[in-house]
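Peer 1: Input: one structure, supplied below.
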Amino acid sequence: MAQVVLKEIVKQYGSLYAVNNVSLTVEDGEFVALVGPSGCGKTTTLNLVAGLLPMTGGDVLIGDRNVTDLDPKDRDIAMVFQNYALYPNKTVYKNLAFPLQMRKLSKAEIDTKVMDAAKVLDIVHLLQRKPRELSGGQQQRVALGRALVRDPQVFLMDEPLSNLDAKLRVQMRTELKRFHQDLKATVIYVTHDQLEAVTMADKMAVMSGGFLQQYDSPKNVFEHPVNMFVASFVGSPAMSLIPLEAINTGGKIALSSSEGWQLPLSEANSKKAQTASTSKIVLGARHSTLQLHKSKESNSVPGRVYTVEPTGDVTFVQVFLGGATVIVSLDPSVDVKSDQEVWIEFDQERLHLFDGETEMALTDP
Amino acid sequence: MSIATEREIAARAKRPIRFGVLRQMVDRRSDYLYVLPALIVMMIVIAYPIYYTIELSFFNTPSNLQMKDKVFIGLDNYARILTSRSFREVTMNTFIWTVASTFFAFLLGLGAALSLHREFLGRGVLRAVLLIPYVVSAVAASYVWKWLYHSDFGVIGALAVQFGFTDRPINFIDNIHTVLPSLIVVNIWKEFSFAMIMLMAGLQTVPDQLLRAAQVDGANAWQRFWHVTFPHLKGVSMVTVLLLMVANFNAFIIPWIMTSGGPAGASDIWITQIYTIAFGRQRYGLASAYSVILFIVMMTLGYFYVRALTRGDDTRVK
């Protein structure tokens, strides 16, 4: 296994930048998730690492080698694809053997390696079957086996779980995580599902519009999103963002809404708010940090319930507040109804402030 | 839907079973009415000619007699054809013509489809140009090729002389040894675009991810074609070859216009031979017997081919 370094990689299609100056280092044995919405450049980035697309600029290093100008087969990588990309006319055994055959290994060597991989993935009983005779989960495992059999420096995975049904996806997620832990493999994993990234990855690279927005551990990305995009993308349900106006009330800053209410900020938050480029500030809060009151309390602001979504363990309540929708999680025993007047209390320690112009997170000066 | 009264139900139950089919036809008369026009046309233009051809094949129809004076001769027509040397020669010609045309048209079509599948400058124009043979009228093309091949004025012969391949123009279609290959070349030129279109459509179905997977697995361009692309083209290839074979067995326009089966029957194939017997020598009975033989051969081939095709499907389902 090896370290992977992306140095200022760029992929341009005409005037469009699919990947714009992305640099990141994947340490040896690390599981890194490239995550972002459709069209953010995450799959393109993965294909650039694989060498399946020519790069416009930048370098890719795998181990100590600069592989920028090498063919995919010479990069010592293995790839797992979204729809598994198993060869439909070959049996599972031949699917696993194919990359080894292409490397002209002897029959005996191929057999040993295929059997080893099949044992690890528990697919020995499937070896004589054709891919179409397998379930989605089994196909996924074969695809993983075909990558494993090569003993590559890096595993590249392109949304490998998104074709599975919800239940199987959760199961395969834990299997994949285990697979990574057992093999101590370097994995670069593309997904649009931030939950997959958060649950599996050591580090996640959040991408949008071809740019790398934030590259950090899931915990840090979750707790300290660098901008509004990351804040709204990571976490389920997403962070609520309320556009407000900062006003100075004798040294302290308060956030004022178009509806007339004001939310005084704590001292620490006031300092952050003062670094904003304009008076436009976006307040961000995760559902679990908000408290809902049925009657007016100090430090709470008024809103109206839009919908109530019970999920069993928690009930999510969407509240209209300051011209935005805020999601609050409640204990299912709390009884609220649509159109009910409620008061929301923010946790000053755990709320996020963003610059309304630059959309960047406001931090301590 | 109306609800049947008890009496109606009882009446239905009492109705004898042998009237069931008829009854159904009456009940569903509007359905039959809708397919009737198509059915009538089919009876007139397909079923009746087949019946009449079979009937005619048992009669002698001398050209000096009217059709109503035809003479019943049983299986004599069949015996005459199957024992004749010309039948063996024509069958051999048909076989060479069909296999060679189909094979090379397919191969050329495959090559064209593969090269046009990739993105390059002028691809659209090239694709349009390569489609020309398919859209040009076969009759017009045959006349043009006849002149291209002409022993005195043909441009191919002239070019061959100019470039020093031969000292005098080549006699393509007036020579019993070169006529059939020359016609096959025209046929391939005319047909390969069809194979190209079919295979281009087939190529669209090859998943991109599979080719990428093969690339990562270390397969070179040829290995990717052999292990990924070609297996995906199997179905469409079978259909293309079947359609080309049927078209070539039944080919008429190109050989008839260019040589009419000559010289000395060297380019005679089944259909041109039947046409000559029927409308040249006015031997309708003999021509009908010939047609029936061809019909049986075609149906047998078709049966085996379709079975081979569908057997593949069955294993795929299992």
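Placed from the backbone N, Cα and C atoms, the Cβ positions cover glycine too.
No curator has checked TrEMBL annotations; they are predicted automatically.
What TrEMBL shows for this protein is this:
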TRANSMEM  B:32-54  transmembrane segment
DOMAIN    B:91-305  domain 'ABC transmembrane type-1'
TRANSMEM  B:95-116  transmembrane segment
TRANSMEM  B:128-145  transmembrane segment
TRANSMEM  B:236-258  transmembrane segment
TRANSMEM  B:287-306  transmembrane segment
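What does the local environment look like for each feature on the list?
Peer 2: Counting residues 6+ beyond its ends, the transmembrane segment (B:32-54) has Cβ neighbours under 8 Å at 25, 288, 291-292, 295 in the same chain.
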Peer 1: Based on Cβ pairs under 8 Å, which of the stretches B:95-116, B:128-145, B:287-306 lies most in contact with the transmembrane segment (B:236-258)?
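Peer 2: That would be B:95-116.
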Peer 1: By Cβ distance under 8 Å, which residues at least 6 away from the ends of the transmembrane segment (B:287-306) in the same chain are close to it?
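Peer 2: Those are 50, 53-58, 77-78, 80-82, 242, 245-246, 249-250, 270-271, 273-275, 277-278, in sequence order.
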Peer 1: Residues sitting near the transmembrane segment (B:128-145): Cβ under 8 Å, six or more positions beyond its termini, same chain?
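Peer 2: Residues packing against the transmembrane segment (B:128-145) from afar: 112, 116, 186, 189-194, 196-197, 253-254, 257-258.
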